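As written in TrEMBL, here are the features:
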| type | residues | note |
| --- | --- | --- |
| TRANSMEM | 30-54 | transmembrane segment |
| DOMAIN | 44-293 | domain 'G-protein coupled receptors family 1 profile' |
| TRANSMEM | 61-81 | transmembrane segment |
| TRANSMEM | 101-123 | transmembrane segment |
| TRANSMEM | 143-166 | transmembrane segment |
| TRANSMEM | 204-228 | transmembrane segment |
| TRANSMEM | 240-264 | transmembrane segment |
| TRANSMEM | 276-295 | transmembrane segment |
Amino acid sequence: MPKQEWKNKTAVTEFILLGFGNGPQLDSCLFLMFLSIYIVTVTGNTFIIVLVVANRHLHTPMYFFLGNLACLEICYSSNILPRMLFSYLGGDRSISANGCFTQYYFFGCLAAAECYLLAMMSYDRYLAVCRPLHYPSHMNVKLCLQLAAASWISGFLSNSVLTVLISSLDFCGPQKIEHFFCDSFPMMKLSCSDTRVTGLVTSVVAGVCSLPPFLLTFSSYLYILITVMRIPSAIRRKKAFSTCSSHLIVVVLFYWSILAVYVLPHHDTQMSPNKIFSVFYTILTPLVNPLIYSLRNKEVKEALRKQ
């Protein structure tokens, strides 16, 4: 329906999140699947936090950032999954407009904070591998706290402007959001206002929040790869690269899914690739992070044996 035809309609006060489909059997399967994912995600990331805090051998910059990442993943999942579980359990897909804007605000903030935090972790690995003699003096407690605080604060500030812009739009047309959570572009499709400026600002802020951290992460691992390849001993090369392989896997999973969502063309079908790829960085990445770090990290496994 053309936007000019929406203006006489009643303003929308709630939205309907269509999710992945409808039907009693499908809802039951999705509820059990996402409930299991949420329990494992919260339990696994909480376990990482407790392990890092309780074991003094893990009181290092790398595990300080890992604890921050685990805390962020708990918040990330808790912003999306409980609302999904409620809708599949009770069948009510509706969400108030204010609730939708709030969910989008925290989603954008946490996604931006994760981009910055992953970049800080890559910088830590760069100093540890490429500047080992300077690492203890450079990556001190003060700098770690400053980098972690900057990641969280930058993430929460970055999405404030976008949330204000999107919440200021007029929504007077269809209520149905073709997604499983409140995201910017699916919401803007329902607006009867001119969304060109909001869309442009959204793209700019998304680029600022993702491109610089991605470039820092990419350049850090490029220098790490060059440094590791110059090590004459194969055993030493393997040991040096193993210190950052877990983080590299997390980075690849996170950025691969985000790029797939925002680079691929948007589709209006119910099971569009954009919706499927969104599952990776909103649900599966928080799930696999504790598994990757615990199963591939010798220091974490050693700390577990000593508990």
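Just so it is clear, glycine is given a Cβ too, placed from its N, Cα and C backbone atoms.
All TrEMBL annotations are machine predictions without curation.
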Open item on the list: Check the transmembrane segment (204-228) against the transmembrane segment (143-166) for contact, please; criterion is three or more CB pairs under 8 Å, pairs 6 or more apart in sequence.
Closed with: yes
Task: Leading stretch by Cβ pairs under 8 Å, where the reference is the transmembrane segment (101-123) and the options are 61-81, 143-166, 276-295 - done: 143-166
- [ ] For the domain 'G-protein coupled receptors family 1 profile' (44-293), would you mind checking the mean pLDDT of the predicted model?
- [x] 85
